[in-house]
Amino acid sequence: MKINNKDFDLHELIHPYLKRWTLIFGCMVFALIISLFYIKLKAPVFKVQTSVLIKDAKKMSDAGDISILQGMPGFGGMGTNSIENELEIFQSKKIIEDVVKDLKLQIPVFAEQGFYDLELYKDTNPYQIFLVRENIYGEKPKKPVTIKVQGNVITLSSDELSNDIKSNFNKLIRLPYADIIITKNGSFDKKKTQKLDLEEIYFKYIDFQDAVDFYQNGLAVTLLDKDATVIGLSMNHINKEKAIDILNAIVKKYNFYAINDKNVESEKTKNFIDDRISIISKELGDVESEKESFKTRNKIVDVQSDASINLQTEQASKKKLIEIDTQLEWNKMLTSYFTHQSKNELIPLNLGIDNPVALANINNYNKFVQERNTKLESATPSNPVIKDLDIQISNLRNIIKEGLVKERSALQISRNSVEEESFKASKSIATVPGKERMFRNIERQQQIKENLFLLLLQKREEAAISMAITSDKARVVDKAYALQKPVAPRKMMIMGGALITGFLLSTILILVKELLNNKIIVRGDIEKLSSTPVIAEIPKALKKSDQLIKGNDLSPLAEAFRILVTNLKFILRGKENAKIIMVTSSMKGEGKTFVSVNLALALTTPKKKVLVIGSDIRNPQLQRYNPSMKLAQGLTEYLNGDINDVENIIHPSGFISGTDFIYSGAIPPNPNDLLQNDRYETLLNEVRSKYDYVILDTAPLMPVTDSFLISHLVDSTVYVVRSDKSLKDYMNFANINIENEKLKSVVFVLNDIKKSNFAYGNQYGYSKEENRWWHFFKKS
């Protein structure tokens, strides 16, 4: 089978869609109407947003800050080393839970407003509903509860309640899932609810955790400017005022917990300092008592003036020893505190340690402990994040311990070296009594204790100031505000999506129909399946009266048959005395007789005579164009020998002069035998000399072999294919017989085509223009 492979044809690709443009347009209009209803039924959703600046500890010493507060313990906890942590804190369950409780967000109240329901809030809500107790074991409701008020009597009804519940204002109302109290709202403004139907107000009960999850998922927290640590919070909600209150409450709760965390660290530092002051105070008193006793026993009044000359060389060494001993004492205190301290408690920092590495480790240790305590508020110790923090805390704890041990060893080595130098200097002071040296040792101890005592007093005052001066960690940049235009429903996007959906659905339907179509529809279908030419496209005859062409006919049907005649004459032009044309098809009902008769009428001219022979003697169809000749003798009678004179079976068509018919005659019991005898060929030879063209209206090829028995006697074969009836599989049958030369000089004619399926346009340009529906709207 030869397939005619054509190049890509864009028009052929889009033609199925163009001819069904009304379906596509209708689907798009329908989808648009549905989208408009959807938009009308959806309550507008507004975006509410706010932005805050998270203060960094390194940047807190502005012009209005007190310089002495820089580096104070307690204020270090206000630093923001990881802004991503703050994003998570804003969205933490603990903050959202507090907001849900404070703003009473579990029982929203609604009223009807046109096509959708509007949430009532604050001064638009005539009633306040207080949740007294939740029944955690009760089944959670799925449907709203309607509130009807007559005087002071409240009636609650719902599809989930077995009976209506009646009560009064300010009285406890027991529902299956909660106990509530309904009161009148003193701030209710009736002017704001004039367009609302307040006769039937309803409320929805939302489980606490469901409410927390809803608002937590609805909150968007983004980093607007990382360098400036500016965080944006936003929320979409149908009630702008409610969303504004929620965002403000979240910021307020964030600051509350941030200040609380800072105060916890400051309180721990203050308690540690108080304990150390008590110990150092006692030790300082003991040293002063020892000094007083030594002076009394040794009758020393002004040791400095007596030993000033001898001790000048020792001053440098003693100053160094004092510094080292001070550091050793701090090391001893911190080691003692660190040993007896609980594993996950904060460590006091910046109390005089002159070791930046140790200070950094302690600072990091405190941050991890604080972060662990914060996350434990919304997680369990088994949480992977908590376990990871425990590991980091444990590692830092070991590093700090090891650092303290190494520092103490280094200080001791340094002290031994300084003492050695001091000892050498002392040996050179032969005149200084041993008592003087003992007194200086007592004084040195006194100085160490005094320095520690004064430093602790200073740090205690700083901690107290830190607790007294509290500033919000999150400074509001833009107060919570709502955008004027709603963000949902997004009208243009929904309508655009509806149009696209309507377009896609309609085109998909057309595509599926085309893919599932197994029939010949347009000329291109034949040309794809066969290399045999299609010489004409016959339009669909809408009326029975229009099935036959007439003289001087300018209709599309007449023009189509004139094209057929022109092309057919071109096919026959090269053949000598070519007059016999067989019209056949694959199956019955494809329009063979219709094509035969109209072809004969189109071929007939004043100088050309045409004969149509009804050669389908099994199922005669030629008589239906002239019912009065239904019983006329014809081909059958001639072939079986009942009639010998051909003139006796030739009848005028009755349509046009010069066109004659030989009807099929009676249906014989042996059609094959009759068509195979020599009388059929004799008939054709006789009429060939009398007529310019002889058209054979034959039987279909697939059901019977009748047409194959006479196909060798013809000059050309017109193979009729009917649009939207002939199957594509028929083309395989036709191609095989054409290739095997069972049919002579075959051409295809596509019959019964709808106007929209013409390959060469809807009309030929000669028929009267058809009035369209829009012409009625034109001005006359």
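From the backbone N, Cα and C atoms, a Cβ is placed for every residue, glycine too.
Annotated domain 'Polysaccharide chain length determinant N-terminal' per TrEMBL: 7-103, in sequence order. Annotation comment: TrEMBL describes 441-514 as domain 'Tyrosine-protein kinase G-rich'. The domain 'AAA' annotation in TrEMBL covers 579-704. Sequence annotations record features per position, and here TrEMBL assigns transmembrane segment to 21-39, 492-512.
Regional average pLDDT for the domain 'Polysaccharide chain length determinant N-terminal' (7-103) in the model is 76. Per-class residue totals from DSSP over the domain 'AAA' (579-704), listed helix then strand then coil: 44 helix, 24 strand, 58 coil. Residues of the domain 'Tyrosine-protein kinase G-rich' (441-514) grouped by DSSP class, helix first, strand second and coil last, total 52 helix, 10 strand, 12 coil.
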